[in-house]
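Noted in TrEMBL for the protein shown:
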| type | residues | note |
| --- | --- | --- |
| DOMAIN | 36-138 | domain 'SRCR' |
| DISULFID | C107-C117 | disulfide bond |
| DOMAIN | 168-260 | domain 'SRCR' |
| DISULFID | C235-C245 | disulfide bond |
| DOMAIN | 263-365 | domain 'SRCR' |
| DISULFID | C334-C344 | disulfide bond |
| DOMAIN | 395-487 | domain 'SRCR' |
| TRANSMEM | 605-626 | transmembrane segment |
Amino acid sequence: MWGINSGCFQSGSDLWNCVESLVTSLSLNLTCSDGVRLLNGSSRCSGRLQVKTNPSDQTWSSVCEADLDLQDAQVVCRELGCGAPSVLQGALYGDVQTPRRSPEFQCGGHESALLDCRSSGSARSSCSPGKAAGLTCSGRRGAAASTALLFTLTPSSHSSLCSEFPETRLVGENSRCAGSLQIRRSGVWKPALIFPWTLEKAALFCSHLHCGSAVSADMTRSVNSTFTVIISDNCFQSGSDFMKCSYFNEHNASITLTCSDSVRLLNGSSRCSGRLQVKTNPSDQTWSSVCEADMDLQDAQVVCRELGCGAPSVLQGALYGDVQTPRWSPEFQCGGHESALLDCRSSGSARSSCSPGKAAGLTCSGRRGAAASTALLFTLTPSSLSSLRSGFPEIRLVGENSRCAGSLQIRRSGVWRPTFIQWWSLEKAAVFCSHLRCGSAVSADRTRSVNSTLTVGITDDCFNSGSDFMKCSFFDEHDSSSNLTCSDLLLHPVLSVSSSSSILGVSEAQQQGLQVVWGSTFTISCSIQPQYPGGSFQLTFTSSNTSYNSTQPAVNHSAHFLFPDAEPAHRGNYSCVYHLHVFGHDFWSESHLLSLSVSDPTAVVVRWVVVPLSLLLVQGALWLYFK
């Protein structure tokens, strides 16, 4: 069955780039209105009214305002699945040139379709300009509102969940802020399972447990199944009741999370940015903001590491809002290597307040666009800049003979896991090829295994500008994985030269001054490290006045091009191009250029015979003179 991504409905989309083959028991049904339609409106429930006047040739005609009344409009809105009519007015949604042709409808208001109504029998051929009926049915506002409730999860909706939050705890670790999530139902603690399980959802539980920010969200599997509380995705929508959207089921997987129990970032655009707070009194769960003057680069490095984010990029007062004094925190004296801020040495004393606008705001790398503001704190190295690319996870391709082809895996919580990407396409594969420095994407497909396994799922939102991969990825059970092949599949071939002349000792690493003797025999060899069998080598030659190519099949991953008689025409630049057809596509890879010159044998005699003999004679003459 074909699945159609929502991106297919954007202007200019290519249907074949946003559909995929799915195995599912679901199918879509739809019902169209074949007798009436509304054009040029702001929604499907508004526009200029047209009726089909000739089904045989699919002719549609606009309706004159004088031929419609309230009962007729009620029938049209009902037929289109909209609410009651609210506006009926001529030329409200544009006018059309005469003639128009439609009968005068005489509906009672109870009919299910306009063409079921009685009509005058005769039809006018035209009506006055500006009188083509425009109709607006109510119901659009309500439909849009319900759609937003289904698909939009805002920060304000997070807080609304707390009133219905279940009794939760984390078990299995030495901290109450880390471990396997359990929920109390009917007086019994049960393991919990949430699909999809993301850092964003984990943050809700960390906040509810007064454990700061979410650092990791993982999933574990046991040998035997047990009764588990399953929490559906609907539980995380505004106004949801956890008791109504969770249920019991047998499962062998459970979810784990780790919270930062000592620091947190508030009011930021991602989990890796915000106003810094530290827990100053664990007994009553008191958090205090930190004064900017009490933080330096080493302190910021520790905070970012503790929260599972990248290197710090911005540290600035009131960057994410300010709070009223007093603030209370010691001056931290971290070395930069500590795993938690409270592991650092501190001044011992604490200030009760600091100047307004000085509450420390911190941004750690890990989200797209963080590099743009790094100058506020310090200059990042090129390696640091690359780590900021969309908060990109650690990835690799496995299962093939090239690092640029195979099944996509992502490292989460120190473990490499297969990856399943919704609406997997060449466009998305190109993002991973680019990140791996493997060129462009050539193919993107999926493989299905017999058994399901714990998989990192990546949602469509991850590919939007500014997305944090850690927030929009999740753990799930799946029997499919994403595969891709990039254009830089092949290694680069190596070019070398050998000659019958004893003068020459050449390799590709010595490209300057390579010479063969005029009239000697030399061979140019092309070779490549074994990856795939077969293929061919093309030797390309260019000079100031000519160029040519010669091709040989690859034998044992190499080919040898013989030149029996070197001459000046062979002077120029040579390169090897390796061609291979694999995975249903043609690939090629080119060596570095090798510059070759042909020397005059007379010059060789002078250099290797006359010059040494002359030196010998001079030395003999000097010896006789002094003797």
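Every residue, even glycine, has its Cβ placed from backbone N, Cα and C.
Recorded features from TrEMBL, shown on the structure.
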residue: C107; record: disulfide bond; contacts (Cβ under 8 Å, 6+ apart): D69, Q71, D72, Q74, V75, L114, C117, R118
residue: C245; record: disulfide bond; contacts (Cβ under 8 Å, 6+ apart): I231, S232, N234, C235
residue: C334; record: disulfide bond; contacts (Cβ under 8 Å, 6+ apart): D296, Q298, D299, Q301, V302, L341, C344, R345
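Per-residue pLDDT, averaged across the domain 'SRCR' (168-260), gives 82.
Residue counts of the domain 'SRCR' (395-487) by helix, strand and coil are 18 helix, 51 strand, 24 coil (DSSP-based). The local packing around C235 (disulfide bond), expressed as other Cβ atoms within 10 Å of its Cβ over all shown chains, amounts to 21.
C117 (disulfide bond) is surrounded by 18 other CB atoms, counting those within 10 A of its CB over all protein chains shown.
DSSP places the residues of the domain 'SRCR' (36-138) in helix, strand and coil in these numbers: 19 helix, 45 strand, 39 coil. Packing around C344 (disulfide bond) is summarised by its Cβ count: 19 other Cβ atoms lie within 10 angstroms of its Cβ, all protein chains included.
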